[in-house]
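J.: Per Swiss-Prot, the features are:
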ACT_SITE  K40  active site, proton acceptor
ACT_SITE  Y270  active site, proton acceptor
BINDING   R138, M317  substrate binding site
MOD_RES   K40  N6-(pyridoxal phosphate)lysine
Amino acid sequence: MITAVNRPAALHINLAAIKENTRQAKAHLKPGQKLFCVVKANAYGHGAARLAPVMEEAGADGFCVAMLDEGLELRRAQIVKPILVLGLQPAEESALAAANDISLPVSSLDWLKKAEKVLRKEGLQLKIHLAIDSGMGRIGFSEDEDFKAVNEYLQGNDAFFVEGMFTHFASADSADASYFDYQVKRFKHMESLLTVKPKWIHVDNTAAILFDKDVASDIVRFGIGLYGLNPSSAPGSRDLEPAFALEPAMSFVSELTYVKQIHKGYGVGYGSTHIAEEDEWIGTVPVGYADGWIRKFQGFKVKVGDTYCPIVGRVCMDQFMVLLPKEVPAGTPVELISADPAAPNSLRRAADWLDTIHYEVACQFNDRLDRIYDNE
């Protein structure tokens, strides 16, 4: 996908905010803990290759990604610190990971056996992290016998270096800690079965550190908080108060490319879902669902100059229209998303409008949008 650098529309990423969020996370670690910055999904839409060096400078000890290709992107960006892939990869790719010093997760004995054949053929050793499903219902070992079999298989097996063992919490951002406590108990039980001792045991995620969940963890996998967003922000939920302030890093700006007056009874957009009840001023913004600004944003208010104006008519593939209170000139700035968390068009408010979470909104902004990095 071509990035539209010649279009008046861009995501602005505040590097000073990224640095400060990283430093704050680092400062709140317990003695001996390491900070692994989660930059999967293009750093939650913010730009992984550009931000990883900034996080590294601010104190990151390593990085987490979702897939091997994301890890390879970081290596191409000259990142030399540890990289852990969190999602399962084909065993056939184990040699590629090993050759690039990228660690992979393991969830089955069958995968280990397949990977060993690949590694033996290439004469490589792979760093692995044993994934435990302690209650997420996703990847990882959950049955004692399966885990014991893997433990036995790894005894003296030099095709693998057991670098880590980890789990992921389903509800660390919840005020009700009962399921969180259950997962901790389950993980500790699985840990007790392991005689091949990993270098790192890690369970803490963004929510665990922000909300002071007291769990022994060698690594904190810090994700959404890096970008200044509170993980306790599901639609209609009560936000938990984080242990330190977060500074949102993303804003989304464009401008009016066209302004016209329409008369009473005139329709706007596909299906004419907006019909002018009187003579109205309509402005066009060059952003659409092909950029991740989806059709459900119809009715959401964006800031045109100093005024919040509703989106009228259906969002088109490449453009959307807003109802203006009066005639304003083409070229007037339009702020689709504000970095101010209290603004009506913050990422959180946008997520509320879409009945989703701000993770999803940020991640859906794709590579057609230019990303401009400010405050270096």
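Including glycine, each Cβ sits where the backbone N, Cα and C put it.
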J.: Write out the long-range same-chain contacts of M317 (substrate binding site), meaning residues 6 or more apart in sequence whose Cβ is under 8 Å from its Cβ.
T.: G288, Y289, A290
J.: With H, G and I counted as helix, E and B as strand and the rest as coil, say where DSSP puts R138 (substrate binding site).
T.: coil
J.: Where's the emptiest Cβ shell within 10 Å among the recorded positions K40, R138?
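T.: Minimum Cβ neighbour count within 10 Å, taken over the recorded positions K40, R138, occurs at R138.
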J.: Distance check, please: Cα of Y270 (active site, proton acceptor) against Cα of R138 (substrate binding site), rounded to an integer number of angstrom.
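T.: Just about 40 Å between their Cα atoms.
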J.: Which three-state DSSP class does M317 (substrate binding site) fall into?
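T.: Reduced to three states, the DSSP call for M317 (substrate binding site) is coil.
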